[in-house]
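**Q** Below are the structure tokens for one structure; questions will follow.
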């Protein structure tokens, strides 16, 4: 396991004589050309590996407050592996700390030149503590929530179960060397405090309610959705055996409304997006039936505006105004990715900004508030890019999931076959 801030992949294309801007999907690299990262485009950039790749992760909030921009940063995450064998999988809690900005960013913030000696470089090495529990079965998706004093992880695994884990021991271990020693000596396996096998097949869709602590919704590849209601004591859930079942194919993603406690959204391989109210089972209230021309993989519900963001196998990103949802027409439509969209998320602090990742190994950042007339001088050769496109990040293989960090403005984390990236661009 290692965390390193060097060696990035590239935002520039190096020709025989000069560097030029490279835009993915516009023209392929020519023989002899190679990509080279432009570190001046990042305020922060780090990489880390955790052994087997993680399909999914979630950010755990810490108690140190929001809006932190002062380096070095520290963060907590929970992730699950997709290893070669079922026995080799792990449920991970990570604490990354001593995360410094790029050389340019730190020089600007201190007002000093960035000529540092080796001792200072050593002091600025990023660090990671990792508490792993063996988990039988590959982990498809992880979502965390804080319920009272408990930090819980809901896990969809490829063995067809949704499980709930209490992360207390792992969180203690990554914060204390004594607790880590005890944790390692116990050699425990991940033991769920609750599990549900009623889905009858595996799935990916999972979301905790932001309005009701402990309320969960899960969806499977057989088109069924179940809502979980927390019970007294925080270790059991009541799950209605009658599923929400308006979809005709696999449910790929679920999102609770950030403002209405009983409302959630879903998307499916059947190309529809649906809005549900748990007070009116088993059918959805609203639907856009041909929202994309192929499978819809991911959705994100804006925290402060009535907007839903969706991404599909067609490579399209669509923004839906829920006040006009019945029309079946999005209010914005972007085609920048050249392969299926794998993850989307609105920025938790800026309601006009969102990010997306694709199977084209690109993460895109967007700002809906930008109008065509706002854009200054465009870089030569990229005049065809939409003005709302802020940034294209590359360097990872098979990007599976992205999240904005809720406590650090502009900081993004991504997981891929090649490991994790933790970065902040100059654009957000």
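Here the Cβ of each residue, glycine as well, is placed from N, Cα and C on the backbone.
So TrEMBL lists the following for this protein:
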REGION    1-23  region 'Disordered'
COMPBIAS  1-16  compositional bias 'Acidic residues'
DOMAIN    33-100  domain 'Histone-binding protein RBBP4-like N-terminal'
REGION    102-125  region 'Disordered'
COMPBIAS  104-122  compositional bias 'Acidic residues'
REPEAT    196-229  repeat 'WD'
REPEAT    244-279  repeat 'WD'
REPEAT    289-323  repeat 'WD'
REPEAT    334-369  repeat 'WD'
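Can you tell me where each of these features sits in this structure?
**A** Mean pLDDT of the predicted structure over the domain 'Histone-binding protein RBBP4-like N-terminal' (33-100): 95.
Long-range contacts of the repeat 'WD' (196-229) within its own chain (CB-CB distance under 8 A, at least 6 residues past either end) are made by residues 140-141, 143-148, 152, 154, 156-163, 237-241, 243-245, 247-261, 264, 266, 268, 270, 276, 278.
Summarised by DSSP class, the composition of the repeat 'WD' (244-279) is 0 helix, 18 strand, 18 coil.
According to DSSP, the repeat 'WD' (289-323) comprises 2 helix, 17 strand, 16 coil.
Helix, strand and coil residue tallies for the repeat 'WD' (334-369), in that order: 0 helix, 18 strand, 18 coil [DSSP].
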**Q** What is the three-state DSSP composition of the domain 'Histone-binding protein RBBP4-like N-terminal' (33-100), stated as helix, strand and coil residue counts?
**A** 6 helix, 37 strand, 25 coil
**Q** Can you count helix, strand and coil residues in the repeat 'WD' (196-229) using DSSP?
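**A** Split by secondary structure, the repeat 'WD' (196-229) comes out as 0 helix, 14 strand, 20 coil.
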